[in-house]
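Copied over from TrEMBL:
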type	residues	note
COMPBIAS	37-46	compositional bias 'Polar residues'
COMPBIAS	62-73	compositional bias 'Basic and acidic residues'
DOMAIN	85-286	domain 'Cation efflux protein transmembrane'
REGION	37-73	region 'Disordered'
TRANSMEM	83-105	transmembrane segment
TRANSMEM	111-136	transmembrane segment
TRANSMEM	156-174	transmembrane segment
TRANSMEM	186-206	transmembrane segment
TRANSMEM	226-246	transmembrane segment
TRANSMEM	261-279	transmembrane segment
(Lines of atoms letter the chains of each structure in order from A; the text may use other names.)
(Lines give C-alpha, C1' and ligand atoms only; values in the text may rest on other atoms or scores of the structure.)
Protein backbone atom coordinates (compact mmCIF):
# COMPACT_ATOMS: atom_id res chain seq x y z
CA UNK A 1 0.00 0.00 0.00
CA UNK A 2 2.83 2.40 0.92
CA UNK A 3 4.73 1.52 -2.27
CA UNK A 4 1.58 2.21 -4.30
CA UNK A 5 1.20 5.70 -2.77
CA UNK A 6 4.88 6.47 -3.44
CA UNK A 7 4.44 5.36 -7.05
CA UNK A 8 1.34 7.57 -7.54
CA UNK A 9 3.15 10.56 -6.04
CA UNK A 10 6.06 10.11 -8.47
CA UNK A 11 3.70 9.92 -11.43
CA UNK A 12 1.85 13.11 -10.39
CA UNK A 13 5.15 14.94 -9.88
CA UNK A 14 6.40 13.85 -13.31
CA UNK A 15 3.14 14.97 -14.93
CA UNK A 16 3.42 18.45 -13.38
CA UNK A 17 7.00 18.80 -14.67
CA UNK A 18 5.94 17.84 -18.21
CA UNK A 19 2.99 20.29 -18.13
CA UNK A 20 5.24 23.15 -16.96
CA UNK A 21 7.77 22.34 -19.68
CA UNK A 22 5.09 22.33 -22.41
CA UNK A 23 3.69 25.65 -21.15
CA UNK A 24 7.17 27.19 -21.20
CA UNK A 25 7.78 25.98 -24.75
CA UNK A 26 4.38 27.41 -25.84
CA UNK A 27 5.19 30.80 -24.30
CA UNK A 28 8.60 30.83 -26.01
CA UNK A 29 6.98 30.00 -29.40
CA UNK A 30 4.34 32.69 -28.90
CA UNK A 31 6.97 35.30 -28.04
CA UNK A 32 9.03 34.30 -31.09
CA UNK A 33 5.99 34.50 -33.34
CA UNK A 34 5.15 37.98 -32.03
CA UNK A 35 8.77 39.09 -32.50
CA UNK A 36 8.74 37.74 -36.08
CA UNK A 37 5.52 39.63 -36.85
CA UNK A 38 6.88 42.87 -35.43
CA UNK A 39 10.29 42.49 -37.15
CA UNK A 40 8.77 41.37 -40.49
CA UNK A 41 6.32 43.93 -41.97
CA UNK A 42 5.14 41.49 -44.65
CA UNK A 43 3.80 39.12 -42.02
CA UNK A 44 2.00 42.02 -40.33
CA UNK A 45 0.52 43.17 -43.65
CA UNK A 46 -0.55 39.62 -44.47
CA UNK A 47 -2.27 39.38 -41.11
CA UNK A 48 -4.18 42.62 -41.76
CA UNK A 49 -5.09 41.42 -45.24
CA UNK A 50 -6.38 38.15 -43.83
CA UNK A 51 -8.44 40.10 -41.30
CA UNK A 52 -9.79 42.35 -44.08
CA UNK A 53 -10.60 39.30 -46.22
CA UNK A 54 -12.50 37.75 -43.32
CA UNK A 55 -14.43 41.01 -42.92
CA UNK A 56 -15.28 41.10 -46.64
CA UNK A 57 -16.40 37.48 -46.53
CA UNK A 58 -18.61 38.31 -43.56
CA UNK A 59 -20.12 41.30 -45.39
CA UNK A 60 -20.72 39.20 -48.50
CA UNK A 61 -22.42 36.53 -46.42
CA UNK A 62 -24.62 39.16 -44.76
CA UNK A 63 -25.48 40.61 -48.18
CA UNK A 64 -26.25 37.13 -49.48
CA UNK A 65 -28.48 36.42 -46.48
CA UNK A 66 -30.32 39.72 -47.02
CA UNK A 67 -30.84 38.90 -50.69
CA UNK A 68 -32.10 35.43 -49.84
CA UNK A 69 -34.49 36.88 -47.25
CA UNK A 70 -35.79 39.40 -49.81
CA UNK A 71 -36.27 36.68 -52.43
CA UNK A 72 -38.03 34.49 -49.88
CA UNK A 73 -40.41 37.33 -48.93
CA UNK A 74 -41.08 38.04 -52.60
CA UNK A 75 -41.97 34.39 -53.22
CA UNK A 76 -44.28 34.35 -50.20
CA UNK A 77 -46.01 37.56 -51.32
CA UNK A 78 -46.37 36.20 -54.84
CA UNK A 79 -48.02 33.02 -53.54
CA UNK A 80 -50.37 35.14 -51.42
CA UNK A 81 -51.18 37.23 -54.49
CA UNK A 82 -52.00 34.14 -56.54
CA UNK A 83 -54.19 32.79 -53.72
CA UNK A 84 -56.16 36.06 -53.45
CA UNK A 85 -56.65 36.18 -57.22
CA UNK A 86 -57.88 32.57 -57.20
CA UNK A 87 -60.37 33.35 -54.42
CA UNK A 88 -61.61 36.31 -56.46
CA UNK A 89 -61.93 34.13 -59.57
CA UNK A 90 -63.88 31.39 -57.77
CA UNK A 91 -66.22 33.98 -56.24
CA UNK A 92 -66.85 35.40 -59.72
CA UNK A 93 -67.72 31.85 -60.82
CA UNK A 94 -70.12 31.53 -57.87
CA UNK A 95 -71.75 34.83 -58.83
CA UNK A 96 -72.09 33.65 -62.43
CA UNK A 97 -73.78 30.42 -61.32
CA UNK A 98 -76.07 32.45 -59.04
CA UNK A 99 -77.05 34.81 -61.86
CA UNK A 100 -77.71 32.08 -64.42
CA UNK A 101 -79.70 30.02 -61.88
CA UNK A 102 -81.93 32.94 -60.82
CA UNK A 103 -82.27 34.00 -64.45
CA UNK A 104 -83.54 30.57 -65.51
CA UNK A 105 -85.86 30.20 -62.48
CA UNK A 106 -87.41 33.68 -62.78
CA UNK A 107 -87.18 33.71 -66.59
CA UNK A 108 -85.39 37.06 -66.35
CA UNK A 109 -83.13 37.94 -69.27
CA UNK A 110 -81.51 40.71 -67.18
CA UNK A 111 -80.37 38.28 -64.47
CA UNK A 112 -79.24 35.79 -67.10
CA UNK A 113 -77.17 38.49 -68.78
CA UNK A 114 -75.69 39.44 -65.41
CA UNK A 115 -74.58 35.84 -64.92
CA UNK A 116 -72.95 35.78 -68.37
CA UNK A 117 -71.07 39.01 -67.56
CA UNK A 118 -69.80 37.32 -64.38
CA UNK A 119 -68.51 34.44 -66.52
CA UNK A 120 -66.43 36.99 -68.42
CA UNK A 121 -65.03 38.09 -65.06
CA UNK A 122 -64.01 34.48 -64.38
CA UNK A 123 -61.96 34.48 -67.59
CA UNK A 124 -60.32 37.78 -66.66
CA UNK A 125 -59.56 36.41 -63.18
CA UNK A 126 -57.87 33.35 -64.67
CA UNK A 127 -55.77 35.66 -66.83
CA UNK A 128 -54.64 37.55 -63.70
CA UNK A 129 -53.68 34.30 -61.95
CA UNK A 130 -51.53 33.20 -64.89
CA UNK A 131 -49.88 36.63 -65.07
CA UNK A 132 -49.08 36.58 -61.35
CA UNK A 133 -47.49 33.16 -61.75
CA UNK A 134 -45.17 34.32 -64.55
CA UNK A 135 -44.32 37.83 -63.43
CA UNK A 136 -41.35 36.93 -61.19
CA UNK A 137 -39.90 34.31 -63.52
CA UNK A 138 -36.35 34.76 -64.72
CA UNK A 139 -35.73 35.94 -68.28
CA UNK A 140 -35.26 33.28 -70.95
CA UNK A 141 -34.29 33.05 -74.63
CA UNK A 142 -37.73 34.21 -75.79
CA UNK A 143 -38.50 36.88 -73.16
CA UNK A 144 -35.02 38.22 -72.53
CA UNK A 145 -36.30 41.12 -70.43
CA UNK A 146 -38.51 38.84 -68.36
CA UNK A 147 -42.30 38.86 -68.11
CA UNK A 148 -42.69 42.28 -66.50
CA UNK A 149 -44.74 43.75 -69.36
CA UNK A 150 -47.45 41.12 -68.95
CA UNK A 151 -48.89 42.90 -65.90
CA UNK A 152 -49.67 46.27 -67.55
CA UNK A 153 -51.03 44.44 -70.62
CA UNK A 154 -53.47 42.40 -68.50
CA UNK A 155 -54.50 45.39 -66.38
CA UNK A 156 -55.04 47.47 -69.53
CA UNK A 157 -57.26 44.76 -71.02
CA UNK A 158 -59.26 44.28 -67.80
CA UNK A 159 -59.78 48.02 -67.30
CA UNK A 160 -60.97 48.25 -70.91
CA UNK A 161 -63.54 45.51 -70.24
CA UNK A 162 -64.69 47.36 -67.11
CA UNK A 163 -65.09 50.57 -69.13
CA UNK A 164 -67.18 48.66 -71.67
CA UNK A 165 -69.40 47.30 -68.86
CA UNK A 166 -69.85 50.82 -67.44
CA UNK A 167 -70.59 52.18 -70.91
CA UNK A 168 -73.13 49.43 -71.58
CA UNK A 169 -74.86 50.14 -68.24
CA UNK A 170 -74.94 53.87 -68.99
CA UNK A 171 -76.40 53.43 -72.48
CA UNK A 172 -78.94 50.86 -71.24
CA UNK A 173 -80.10 53.12 -68.42
CA UNK A 174 -80.31 56.13 -70.73
CA UNK A 175 -82.36 54.13 -73.25
CA UNK A 176 -84.80 53.05 -70.52
CA UNK A 177 -85.15 56.66 -69.34
CA UNK A 178 -86.01 57.79 -72.86
CA UNK A 179 -88.60 55.01 -73.23
CA UNK A 180 -90.43 55.87 -70.01
CA UNK A 181 -88.68 53.62 -67.50
CA UNK A 182 -90.00 50.21 -66.37
CA UNK A 183 -91.75 48.43 -63.51
CA UNK A 184 -89.45 46.75 -60.99
CA UNK A 185 -89.71 43.03 -60.28
CA UNK A 186 -89.97 42.75 -56.51
CA UNK A 187 -89.75 38.95 -56.54
CA UNK A 188 -86.70 36.87 -57.44
CA UNK A 189 -84.71 39.90 -58.61
CA UNK A 190 -84.68 41.32 -55.09
CA UNK A 191 -83.39 38.07 -53.57
CA UNK A 192 -80.70 37.77 -56.24
CA UNK A 193 -79.60 41.40 -55.84
CA UNK A 194 -79.30 41.06 -52.06
CA UNK A 195 -77.24 37.84 -52.32
CA UNK A 196 -75.04 39.25 -55.09
CA UNK A 197 -74.39 42.48 -53.18
CA UNK A 198 -73.41 40.58 -50.01
CA UNK A 199 -70.95 38.40 -51.95
CA UNK A 200 -69.48 41.32 -53.92
CA UNK A 201 -69.03 43.47 -50.83
CA UNK A 202 -67.28 40.66 -48.92
CA UNK A 203 -64.83 40.02 -51.77
CA UNK A 204 -64.36 43.75 -52.33
CA UNK A 205 -63.20 44.19 -48.70
CA UNK A 206 -61.04 41.07 -48.99
CA UNK A 207 -59.24 42.22 -52.15
CA UNK A 208 -58.98 45.77 -50.80
CA UNK A 209 -57.04 44.51 -47.76
CA UNK A 210 -54.54 42.51 -49.81
CA UNK A 211 -54.15 45.15 -52.52
CA UNK A 212 -52.77 47.41 -49.79
CA UNK A 213 -50.68 44.87 -47.87
CA UNK A 214 -49.16 43.29 -51.00
CA UNK A 215 -49.14 46.48 -53.12
CA UNK A 216 -50.41 44.50 -56.11
CA UNK A 217 -51.79 46.18 -59.22
CA UNK A 218 -53.40 42.90 -60.30
CA UNK A 219 -55.37 42.63 -57.05
CA UNK A 220 -56.13 46.36 -57.17
CA UNK A 221 -57.72 45.95 -60.60
CA UNK A 222 -59.76 43.00 -59.31
CA UNK A 223 -60.81 45.13 -56.33
CA UNK A 224 -62.02 47.83 -58.73
CA UNK A 225 -64.12 45.26 -60.58
CA UNK A 226 -65.79 44.12 -57.34
CA UNK A 227 -66.37 47.73 -56.27
CA UNK A 228 -68.18 48.45 -59.54
CA UNK A 229 -70.41 45.42 -58.98
CA UNK A 230 -71.07 46.55 -55.39
CA UNK A 231 -72.13 50.03 -56.47
CA UNK A 232 -74.42 48.75 -59.25
CA UNK A 233 -76.11 46.20 -56.98
CA UNK A 234 -76.41 48.77 -54.20
CA UNK A 235 -78.15 51.13 -56.61
CA UNK A 236 -80.66 48.39 -57.41
CA UNK A 237 -81.21 47.72 -53.69
CA UNK A 238 -81.93 51.43 -53.11
CA UNK A 239 -84.44 51.41 -55.97
CA UNK A 240 -86.11 48.22 -54.70
CA UNK A 241 -86.22 49.60 -51.16
CA UNK A 242 -87.81 52.87 -52.22
CA UNK A 243 -90.51 51.16 -54.25
CA UNK A 244 -91.18 48.55 -51.56
CA UNK A 245 -91.54 51.17 -48.81
CA UNK A 246 -93.40 53.97 -50.62
CA UNK A 247 -95.01 52.68 -53.80
CA UNK A 248 -95.51 48.91 -53.90
CA UNK A 249 -98.14 49.22 -56.62
CA UNK A 250 -95.72 51.38 -58.65
CA UNK A 251 -98.36 53.92 -59.58
CA UNK A 252 -95.98 56.88 -59.33
CA UNK A 253 -94.06 57.80 -62.45
CA UNK A 254 -90.95 58.32 -60.32
CA UNK A 255 -90.95 54.62 -59.37
CA UNK A 256 -90.57 53.67 -63.02
CA UNK A 257 -87.55 55.93 -63.47
CA UNK A 258 -85.63 55.41 -60.23
CA UNK A 259 -83.72 52.25 -61.18
CA UNK A 260 -82.62 53.35 -64.65
CA UNK A 261 -81.86 56.86 -63.36
CA UNK A 262 -79.57 55.50 -60.63
CA UNK A 263 -77.93 53.21 -63.20
CA UNK A 264 -77.03 56.19 -65.42
CA UNK A 265 -75.59 58.22 -62.52
CA UNK A 266 -73.67 55.36 -60.88
CA UNK A 267 -72.23 53.99 -64.14
CA UNK A 268 -70.78 57.42 -64.91
CA UNK A 269 -69.38 57.78 -61.40
CA UNK A 270 -67.72 54.35 -61.19
CA UNK A 271 -66.20 54.55 -64.69
CA UNK A 272 -63.63 57.03 -63.34
CA UNK A 273 -61.55 54.36 -61.57
CA UNK A 274 -61.14 51.92 -64.51
CA UNK A 275 -60.38 54.93 -66.72
CA UNK A 276 -57.50 55.87 -64.40
CA UNK A 277 -56.24 52.26 -64.43
CA UNK A 278 -56.44 52.21 -68.24
CA UNK A 279 -54.45 55.45 -68.60
CA UNK A 280 -51.85 54.40 -66.02
CA UNK A 281 -51.15 51.04 -67.67
CA UNK A 282 -51.19 52.57 -71.15
CA UNK A 283 -48.40 54.89 -69.95
CA UNK A 284 -46.47 51.85 -68.72
CA UNK A 285 -46.75 50.13 -72.09
CA UNK A 286 -45.72 53.34 -73.87
CA UNK A 287 -42.78 53.60 -71.41
CA UNK A 288 -43.68 57.11 -70.28
CA UNK A 289 -41.15 58.26 -67.66
CA UNK A 290 -42.66 58.56 -64.15
CA UNK A 291 -42.01 62.20 -63.09
CA UNK A 292 -41.24 61.39 -59.44
CA UNK A 293 -38.70 58.71 -60.34
CA UNK A 294 -37.14 60.93 -63.01
CA UNK A 295 -36.68 63.78 -60.53
CA UNK A 296 -35.29 61.42 -57.89
CA UNK A 297 -32.64 59.89 -60.17
CA UNK A 298 -31.65 63.41 -61.31
CA UNK A 299 -31.06 64.46 -57.68
CA UNK A 300 -28.97 61.35 -57.05
CA UNK A 301 -26.84 61.91 -60.15
CA UNK A 302 -26.26 65.57 -59.27
CA UNK A 303 -24.90 64.44 -55.91
CA UNK A 304 -22.65 61.81 -57.54
CA UNK A 305 -21.41 64.31 -60.15
CA UNK A 306 -20.30 66.67 -57.39
CA UNK A 307 -18.50 63.86 -55.61
CA UNK A 308 -16.72 62.25 -58.58
CA UNK A 309 -16.49 65.24 -60.94
CA UNK A 310 -18.44 63.75 -63.86
CA UNK A 311 -18.56 65.96 -66.97
CA UNK A 312 -22.13 65.01 -67.82
CA UNK A 313 -24.68 62.23 -67.53
CA UNK A 314 -27.90 61.01 -69.13
CA UNK A 315 -30.69 58.99 -67.52
CA UNK A 316 -33.64 56.98 -68.83
CA UNK A 317 -36.44 55.71 -66.58
CA UNK A 318 -39.59 53.70 -67.27
CA UNK A 319 -42.21 51.77 -65.33
CA UNK A 320 -43.55 48.33 -66.22
CA UNK A 321 -46.30 47.34 -63.82
CA UNK A 322 -44.65 46.98 -60.41
CA UNK A 323 -41.09 47.11 -61.81
CA UNK A 324 -38.87 50.06 -62.72
CA UNK A 325 -36.20 50.24 -65.42
CA UNK A 326 -33.39 52.75 -64.83
CA UNK A 327 -30.50 53.39 -67.21
CA UNK A 328 -27.66 55.77 -66.30
CA UNK A 329 -24.91 56.78 -68.76
CA UNK A 330 -22.05 58.80 -67.28
CA UNK A 331 -19.54 60.92 -69.22
CA UNK A 332 -16.10 60.98 -67.55
CA UNK A 333 -12.70 62.43 -68.41
CA UNK A 334 -10.48 60.28 -70.57
CA UNK A 335 -7.87 60.34 -67.82
CA UNK A 336 -10.36 59.23 -65.16
CA UNK A 337 -9.12 56.41 -62.93
CA UNK A 338 -12.49 55.17 -61.65
CA UNK A 339 -12.14 51.52 -60.63
CA UNK A 340 -14.65 48.69 -60.90
CA UNK A 341 -15.13 48.89 -57.15
CA UNK A 342 -16.06 52.57 -57.40
CA UNK A 343 -18.57 51.81 -60.16
CA UNK A 344 -20.16 49.22 -57.87
CA UNK A 345 -20.22 51.84 -55.11
CA UNK A 346 -22.06 54.20 -57.48
CA UNK A 347 -24.64 51.49 -58.18
CA UNK A 348 -25.05 50.82 -54.45
CA UNK A 349 -25.48 54.54 -53.77
CA UNK A 350 -28.19 54.84 -56.43
CA UNK A 351 -30.04 51.77 -55.15
CA UNK A 352 -29.94 52.93 -51.53
CA UNK A 353 -31.20 56.44 -52.31
CA UNK A 354 -34.06 55.28 -54.51
CA UNK A 355 -35.73 53.82 -51.40
CA UNK A 356 -37.26 50.94 -53.35
CA UNK A 357 -36.99 47.15 -52.98
CA UNK A 358 -34.05 45.98 -55.08
CA UNK A 359 -36.09 43.24 -56.78
CA UNK A 360 -38.34 45.92 -58.32
CA UNK A 361 -35.46 47.77 -60.01
CA UNK A 362 -33.63 46.96 -63.24
CA UNK A 363 -30.56 49.21 -62.93
CA UNK A 364 -27.94 49.70 -65.63
CA UNK A 365 -24.94 52.03 -65.08
CA UNK A 366 -22.28 52.62 -67.74
CA UNK A 367 -19.31 55.00 -68.04
CA UNK A 368 -17.88 56.49 -71.21
CA UNK A 369 -15.38 59.16 -72.23
CA UNK A 370 -17.11 59.71 -75.59
CA UNK A 371 -20.20 62.02 -75.59
CA UNK A 372 -21.82 60.11 -78.48
CA UNK A 373 -22.55 57.17 -76.15
CA UNK A 374 -24.68 59.27 -73.81
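Positions of Cβ are set from backbone N, Cα and C atoms, glycine also.
Remember, predicted model here, so these are calculated numbers, not experimental data.
Beyond the ends of the transmembrane segment (226-246), by six or more residues, the same chain brings 88, 95, 162, 165-166, 169, 184, 186, 189-190, 193-194, 196-197, 200-201, 203-204, 207, 252, 255, 258-259, 262-263, 266-267, 269-270, 273-274 to within a C-beta distance below 8 angstroms of the stretch. Only residues 6 or more beyond the boundaries of the transmembrane segment (261-279), in the same chain, are considered here, and those with a CB under 8 A from a CB of the stretch are 155-156, 158-160, 162-163, 166-167, 169-170, 172-174, 176-177, 220-221, 224, 227-228, 231-232, 235-236, 238-239.
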